[in-house]
Amino acid sequence: MTFEDLRQKLKSGEVSSKELVQEKINRINELDPTLNSFLIVNTELALSKAEHIDKQIASGDHLPPLSGIPIAIKDNLCTKGIKTTCASKILDNFVPPYESTVTKKLLNAGAIMIGKTNMDEFAMGSSTETSAFGPTLNPWNITKVPGGSSGGSAASVAAGLCYGSLGSDTGGSIRQPASFCGVVGMKPTYGRVSRWGLIAFASSLDQVGPFANNVSDAAEILQVISGKDELDSTTVDIPVPNYLETLSKSIKGMKIGLIDNCFDHEGLATDVKESVLSSASLLENLGAEIVNISCPRFNDGIATYYVIAPSEASANLARYDGVKYGFRAEDEQSLIEMTSKSRALGFGSEVKRRILIGTYALSAGYVDAYYKKAQQVRTLIRRDFDDAFKKVDVLLAPTAPTTAFGSGDNIDNPMAMYLSDLLTIPANLAGLPAISLPCGFDKSDLPIGLQLIGNVFEEGKLLQVANQFEKAAEVYKNRPKTDFTL
């Protein structure tokens, strides 16, 4: 059921907003003790707002587009008066005194914030296993991970616990879990959506975006949260087009480039490769022209990312010292001891690992050899994309090299975990928009994600291609069983 379907049902009185919210709360109470996709459920607040919206509907008031629709929020987005932990012990009791720009826009659009979703601690991870509050499980198979770091947002949509959600994407943290959980997930162009109120991981890479069950719902959420924000100087003052208007347009004559480097990689699973290539053939049948494109430095993205992102993280996370807010170690004799112990006890092992990597890369003897060189390679990756978009409209690749891997399989193997973001990282380094949508299933009936990458601020074109594929393939209609038998 799309947002438009819900609007019609609410307007006609066939269903009330309170009923929509209560149904999702009941479902959360039934399924989430197993999945652990939510950290906080706003039961009373959500029902109260739903009742208010129902009264407005009964009075015939003109309502904003997402009125009465339950949406979940990743727990690294500040929500005024509602605890925001970033899935970390160090922020366990942090209650923001302000609202992030994107959540404020959603609330102004009438959306009902049903809860805050689980994630990898400080968005550092690819499996939602580094959360201080326990891992999230994949609703398609609870022995598998949902991906990360926005695993709770992806799993909650896939399991039908909400109609849409917000996540953040630094190196694939929306698209990879969207692929693993069989939902639509989109990372906008860097600067399209405000980061004000997003707890920072890597400021030059982080971007907020939507999860949804279908492309049109993702487009609606993106429409609401996009735009210039005076509180975030990295947002760009470019008019936001009407994304819904382009969804139904034909893709006949559009050039779509297959990124050769992705399909040649030895870590790419056969099922994934075959499904994505089959998806390219379907797009060709819809009138698109499929061409091969080489991005020579595409596979250099992962090494580049794991210098730049930890370097930025080491600076951003220096603010958590136990002094002004967050977890504070007790019984320490000096400020230095208190700060050291607060960070040692408050941060998890993956966060500490990345802080150490970043601190090392920025140290006096190594900043030129590592950080400066990584920034130079980042520029070359961006130039490869610039060259590619002179020849094609959209690029096509798998979202992830594999389908969802087993819980615990990679948690003690950082290199294996990092490689799961191999195909998503380059778009972040170049600041490009990219979307993942379900395109098939592997032999174990786990979802496979198709990734489309666009040129800067061409989200509309991406959504157009994605929507035409979705309507033709109809993979999105498959939903996970919810008895959660092993």
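Backbone N, Cα and C atoms are what each Cβ position is placed from, and that goes for glycine too.
The C-beta environment of Lys74 (active site, charge relay system), restricted to residues of the same chain at least 6 apart in sequence and closer than 8 Å, consists of Lys116, Thr117, Met119, Ser150, Gly152, Ser153, Ser165, Leu166, Gly167, Ser168. According to Swiss-Prot, the active site, charge relay system annotation covers Lys74 (among others), on the basis of sequence analysis.
When secondary structure is read from DSSP and collapsed to three states, Ser149 (active site, charge relay system) falls in the coil class. A sphere of 10 angstroms centred on the C-beta of Ser149 (active site, charge relay system) encloses 35 other C-beta atoms. As annotated by Swiss-Prot, active site, charge relay system applies to Ser149 (among others).
Taken from Swiss-Prot, the feature active site, acyl-ester intermediate covers Ser173. Taken residue by residue with DSSP, Ser173 (active site, acyl-ester intermediate) is part of neither helix nor strand, so it is coil.
Taking a C-beta cut-off of under 8 angstroms and a sequence separation of 6 or more, Ser173 (active site, acyl-ester intermediate) has the following same-chain neighbours: Asp120, Ala123, Ser126, Gly148, Ser149, Ser150, Gly167.
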